[in-house]
Every structure is written in structure tokens, then in C-alpha cells.
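Pulled from TrEMBL:
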TRANSMEM  381-401  transmembrane segment
TRANSMEM  421-440  transmembrane segment
TRANSMEM  452-474  transmembrane segment
TRANSMEM  495-520  transmembrane segment
TRANSMEM  532-553  transmembrane segment
TRANSMEM  560-577  transmembrane segment
TRANSMEM  608-627  transmembrane segment
TRANSMEM  648-673  transmembrane segment
TRANSMEM  693-714  transmembrane segment
TRANSMEM  745-768  transmembrane segment
TRANSMEM  780-800  transmembrane segment
TRANSMEM  832-853  transmembrane segment
Amino acid sequence: MLKAPLSSCPRKPLMPHPWTLLKFLFVPFLVIVGLLPQVGRAETVLDWQQLPDLPNDLGVAGPFAGVHNDSLIVAGGANFPRPVWESNKQWTDTIDVLVRTAEGYQWKAGGKLPRPIAYGAAVTTKQGVLCLGGCDAEKVYADAFFLQWNGTTVKTIPCAPLPQPMAYGQAAMIGQTVYVVGGQSETGLASATNLLWSLDLSANEDPTKLQWKTLEPLPGPTRSFNLVAHQHDGFNDSIYVIGGRRDNNGQTQFLQDVWQYTPKTNTWKERTSAPRVIMAGEAIGIGQSHIFVLGSADESNFDRVDQLKDAHPGFPQQAFAYHTITDTWIEAGKTPENLVTTTAVRWGDSIIIPSGEVRPRVRSPHIWKITPASSGKSFGWPNYVVLFGYLLAMVGVGVFFSRKNKNTDDYFRGGKQIPWWAAGCSIFATMLSSLTFMGFPSKAFAQDWVYAVGNFTIPVVAILAVYVAMPFYRRIDATSAYQYLEMRFGRSARVFASGSFVLFHLFRMAIVMSLTALALAVATPLSPAQSVMLMGVLSIVYCTMGGIEAVIWTDTIQSFVLLGGALLAVGLLLSGVDGGIEGFWKIASESHKFNLANLHADVTNAQVALWVVLVGGIAQNISSYTADQAVVQRYVTTSTSQEASKSIWISAWLTIPATLIFFTIGTSLFAFYHSNPGKLDAMATTDQIFPLFIAREIPIGLAGLIVAGVFAAAQSTVSTSMNSSATAIIVDFLRPMNLCTTEKSYLSAARLCTFAVGTFGTLLGILFVDPNIRSLFDAFIVILGIFMGILGGLFLLGAFTRKTNQFGAMTGALIGSAVMLLLWKFSKINSYLYPAAGLSVCFATGYLASWIAGKAPGDLSGLTIYDLPAREPTLAEDAS
């Protein structure tokens, strides 16, 4: 039988009762919080920089504009020769290209358009700048073509024409699909439409053979001079249509309504109207959930143009920002020049507004480069004291326990003397960690409470853990969960499972550290790479030195820090919502933020179905509580099975209030920023929404404590992954091969493996830093589903079937792994189903392959639920 050596004598627990810990950690902070100042607030800043003027010194209105080969193309347009009130409008076919050079920016001639034209729509695509429709003095066109810059001239590539002529409409792009909304089909405003067309550019074929689709029309009024932009709403990428104007029985009707079209569901939804009439302007998505209106006209002086002429004051110099998740508008500052009837173009990290109209008949040749940024933030020395004091305390725990480790049993199992409540807190911290602290609030902020249901399945799965999984592992006195798989299915199953587990936790460490670091970038002056290094290095130090005891006791402390900081955050959030608790409830209820169930069958829908959450949650938690070494290792750190059972139950029941608290934080964040939309930062990602609140709204000192909670959550995951991965490497690979000769050498190897795993995970975390990842929660679920569902399937095959043999188990594992990679790479199913898919495919194909092979497994005594011995040996019996 495979056993790890036991320490020579039991040791008493070395840490105080949890209530003592709680008082020690939080009472001083609660005493001083009222005396502390607040961190300086910040908001999104738009930096306007003027680039070289358009070569046409009159400027143009209605040009086609976009970027190709890192160069700005401005083509066509219309203007009035001077004196403007004594001249007729003229259309141009000139193409100008602004290129970057070593000396700066330089204009180059790009040739001519097929005809003089203006007021069409333009979209930047991989194939070039797609130009759609447009008009001249006599006619509106349906033409479509690409403009491609090759360094010396612009080539015109024909594309499939629009379904009908269109001018004064706009277009936006999601993925490789172009959407065109509104505009007019004739020169008169009475021909304005509410049509929506789409063109998929992903097919690699002749652009003239592409097919436009006519989609569900906008249900609101027809419109021309409307604005169109693409942005994410927390669930899906959507097209937003803002304002415009139309002819209403011979009278001009000005619009400020806002409509959202979701391609995934082919549905329209009316949103909160703009603060004023917005038409003929430029809108563009910035960040993950903001749309900025950088220029627009309103109805003022519309009927007095001929009377005012040169005395016209110009269009209002006011930018606006719309937040798609909270459905709120704010003023976004004054603009140096209000250019209308042009296009906002994304060029690298900046937005370009090329030329345009500043007042009736008057154009501007100015080219504006707009760079959004967040203003500086001050973390404050009290926050540093709190944060680094906490982090150094964690290192102290590692130093303390480093003297207690005499062998690998101490290092990996704590001598089987860990108190049940500490082991339970460690399981709780391991299962939730930074996914809870930031992933849950960001999900609840952007969406609703549907994902909370998945966590509510943990107490149900705990029954399986308490009465099936834990007794199996304690019965064989396992240090590694995968010792059981070798006894049941042979050496190959153990190597496969242990290797998969180590790979999973390396990626888990990297994702947790990198995404936590990205989120913390808005709360601290640390760069993401610096945060990853700080979390990784400190975790390596205390985990390498102190082993499992250091990990469990730091997890226990971190559980209190995590929950205490969360409760304080809830109180501070609710105090900032208009109307307090009553206002919070009203805002959240009206926005359907407490929704717990979506009743549909679509497995690809971002509004995840209830059955998907239930099935996925159960499979995810079965895999974690039965086959995850990081959890199973805690089962064998207590002195008895009864103690281990209590640790499982406390971790399961702690999950319920923790889930309620952190989803309440997310919903409170929604209500807070719905009440205070001006405090949102357009450059912050959705995962940064809670750290953003911490940094800008929470008093100094207390903010440091809650940031420490974020670090605690991440470090809990990282340290657990380090220790459990090192355990798997030593117990499943090195010890069976007898690579070390003494117990002391195995202990040294364990520390070296912990150090190596931590170092590799930290370096991988730095490489994984990617601000474009939209959700920590989703990224974590993908990784968990790809790896852990298979391991859960192997455990269920071993425990609940007698006929499954080694061939069947390995067949199920390999086919399940292949299916998971295919689902990840090629399917669009919600990743929350990944664990269920992996588990079910592994179980079904493994059982079927065993039945086909027909070879009966060997002795199953004590290895299935049908072949259980009477009881678990006591600690004294084991020691003898």
C-alpha cells in the first residue's frame, strides 16, 4: 500500500482560535477608519492633440475616413469655397493619406476616388477602409468599395453594393461583420430609414460576391444623421444607435433616443436617451463599456442658419460619455473644436477626428488625435503600511512553520494535526480565492446573480465529498489524490491525472496572478508585472519555507481578511448609493440585477441558462472536491475522518454567505455607479470595477486593508497551487522512481519543487498579463473546465463502477481531453459547461471502452462504493 511516512509523535495546533485572529486583524482598523482621509478621486481624461492639417485648407465634411497599413486615409467630402455664403457646395474626389515617419506625421497624395462623393459611411477593416454609400448634389449611391494604401497610392477594390442607396447613415463593426444603420435613400430628409444591414467579411472570396443581409429594422423612428457605435453591454457585443433627425410631416424632428441592437439574439432594446439632441456627430467605443460622443450638433439655431450666417456661434463644444452597463450618460468635458459630419477613427491607442464642419458651411482642416487616459492616483503611505505589513506577516507565518517540518509528512500533511476549522477555512479559500474577490463582483456588476446558483451547489456536492471521496483517500492514507487512481486503474492513470493537475495549477497560478495584477493596476501604483512579482515572490517564500501548515494558516488568516474586507466594502458602497439601502434595492430591481434564472435551452447564450449553471456548477464542484489535489490534500491534514468531515462542511457552508456577500458587492457597485456615473473610469476594465472603487472611494488605511484582501485572495490560490503541485510531483513521480535515498533528501526536493513551481508560475503570470481579457471569472472557468472535468470523470469511474478497467479509464481520459480541446477551440458553448462536458465524456467513453474491451479489473477491495471495508484505521493503529 502506498503511504507517506508519519511523524513520530502528534503535535498540538500552533495557532489561536479564529475569533482571536479576527479581533487581532480588524479591531485596530475599525478604530482608526473614521479618522482617515480619502484617496483622491480621478476620472477619464481626454487628451486632445492637433496633428498636421488636411492639405485642403478649406477642410471637408462627410469624408470617408479610416486606417489601413497604419496610415490614416481621408477621402472625398464636400465644402464651400470662400466666401462660403456666396458659393455653392462642391464635392471632392481627392484621397489624402497621413503616414507616420521618423520625423512625425506627413501627408501624402493617395490618388482619386471613382467620383466626387461625400456623406457615406466608413469602417476600418482588415481588407482596408470600407466605404459605403454617399451622395453628391444630385444623387444618393449604393456603391461599396475598399480603400487600400500600399505605401505609394490608394487602390480602390469594389465590394458588394448596399441593398439600396444610403447617405448620412453610419456603420460599425463587430468582429468581421459590418452593420449599417439609418441614413436616407434620396437627397431629401423624408427618405430617412430605420433599416439595418450587415455584411460578413470573414469569407475569403471576391468582395463583390459577398451578400448583404437585411436584419430586423430599428423599432424607433426613421432617422438620418444618426450616430452608430459598437460596444459590449456586459453580456454581448452590441450596436448602439444614437439620435439623428427625421422629417415628420414636413417638420424636422430632432432625436435623442438611444437604441441597442444585439446580433447574438437579433433583438433591439431602447436605452436611456442622450442628455440632449445629438446628430451628425461622431461616436466610438472606448474601453470595455463606454461610448464617447466626441462631436455632435443639437437643434439650437437650426432654423436660424440663413439668418445668422457668419454670426452662427458654431456647434456645441461638449463631449458626452455613455456607459452601456449602468445605462447612464455624463458630460465628458469641453472639446477644443466641435467637428461634425465626419468619422471617429481608431488609430492605435488613439482616436482621430479628421476635418469636419464647425458651423454651417464652414469646414475645418484640423485633424485631432484624442488619447483617453486616467488621471494620476495616490495610494497613500497608510495604505502601504497596511498592505506591506500584512504581506510581511504572511512571510512570518512561513518562517514560523519552517522550523516544524521534519519530513515530507509534516511538509505535505502537517503531521495530520491541523484543526478541522483551519482545514475548512483553507478549503474555502482554495475554492474561492481571487475568483471570489474580483470575479464575482465584476460578474454581478456587469450581469446578474445567475452564476451565484453554481456556488449554491457546493453543499450538495459536499455530501459526495464527505461520504465517498474523503473516506477513500483517508482509507488508503493518501498524500496524493492520484494514488487512488493507480490502485484502481494502474500507473498510467496516476501519471496522467497528476500531470494534468500540475499543468492546470501552473496555468491557474498564472491566470490568477496576471488578472489580479491587472485589476490592481487601478488601485495601486504598481504595474501589473510588479504586482505579479510581489504576489509570486512572497508566496514562494512562505510556501517553500513553511509547507502545508504555512499554506493552511495563511489561508485561514486570508479568509478573515477576505470576508472582513468584503463586509466593510458593502457598507461603504451602500452609503454612497442615492437613497441608501432602499435606493440600492430600487436601482438593482429595476435593472433586473437580482435575476437568478434564465429559462432557455441555448448553450451559447451569454445570458447563461439556469440548467447550464446547475449542471456546470455540480460538475465543476464534483471535480474539485473529489479529484483536485489542492482540496483532497486538506482531507488528510486532520487527525480523524470526523475532523475532515467537519472541515468539508464548514468550507461548503462558508461558501453560501461568501457568495451572497460578493455578489452583493457587485450589485452594490452597479447601484453606486448608476448613482454616480461620473466616477466611472472608461479605461478601467470590468474586472477592475471593485479595485477602482477601493482606490477612489474608500478612506486611506482601510483601502490598504481591502487591497490586502485582494492580495490575500490571490496568494491563497497561488500558495495552494505551489504546495499541492509540489506534492503531486514528489509523491506521484519522484518517490515511485526512488530518486532520493533519505527522507531528508525528499524534504529538500519538496522545497525545491515548491520553489520551481512557484517561479515558473510567476514567470508565466507575467507573460499572461493581457488587458484585453474581459473577465477573470470566464478565463478561470475555461482553464478549470479543460483540465479538471476529466479528473472528476476518472474518480467517478473508479468509485461508482466495477467494470471499468485500465484500458477504459485511459481511453475515456484521452478522448475526453481531445473533446475538451475541440470545444475550446471550435465551439461557442458557454465555458461554464466545460467541466460537465469533460466529466461526462470521460465517464461515458471510459465505461463503454471497458465494456468493449471486456477485461475485468483486478481486486477492487476498498476501491469502489460497493467494496468498502468496515471502517478507517485510527491514527494509533496507523502509527503502529
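Cβ coordinates are placed from backbone N, Cα and C, and glycine is handled just like the others.
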The transmembrane segment (780-800) and the transmembrane segment (495-520) contact flag, 3+ Cβ pairs under 8 angstroms: yes
Residues from the same chain, set at least six apart from the ends of the transmembrane segment (421-440), whose C-beta lies under 8 A from its own: 13, 15, 18, 451-452, 458, 512, 515-516, 519, 551-553, 555-556, 558-559, 562, 566, 624, 630-631, 634, 637-638, 643-644, 646-651, 654-655, 658-659, 662-663, 665-666, 687, 690-691, 709-710, 713-714, 716-717, 720, 775-777, 780
CB contact flag for the transmembrane segment (495-520) and the transmembrane segment (648-673), at least three pairs under 8 A: no
Long-range Cβ neighbours of the transmembrane segment (745-768) (under 8 Å; 6 or more residues past either end): 405-408, 411-412, 502, 505-507, 509-515, 517, 529, 532-533, 535-537, 539-540, 543-545, 547, 718, 721-723, 725-727, 729-730, 734-735, 739
Distal contacts, the transmembrane segment (452-474) - CB-CB under 8 A, six or more residues away: 431, 440, 444, 481, 484, 596-597, 610, 613-614, 616-618, 620-622, 625-626, 632, 635-636, 641, 644-645, 648-649, 651-653, 655-656, 659-660, 663, 795, 799, 832, 863, 865, 868, 872
Remote residues contacting the transmembrane segment (832-853) - C-beta distance under 8 A, at least 6 residues beyond either end: 451, 454, 603, 608, 612-613, 615-620, 622-623, 781-782, 784-786, 788-790, 792-794, 796-797, 801, 803-805, 807-809, 811-813, 815-817, 819-820, 823-824
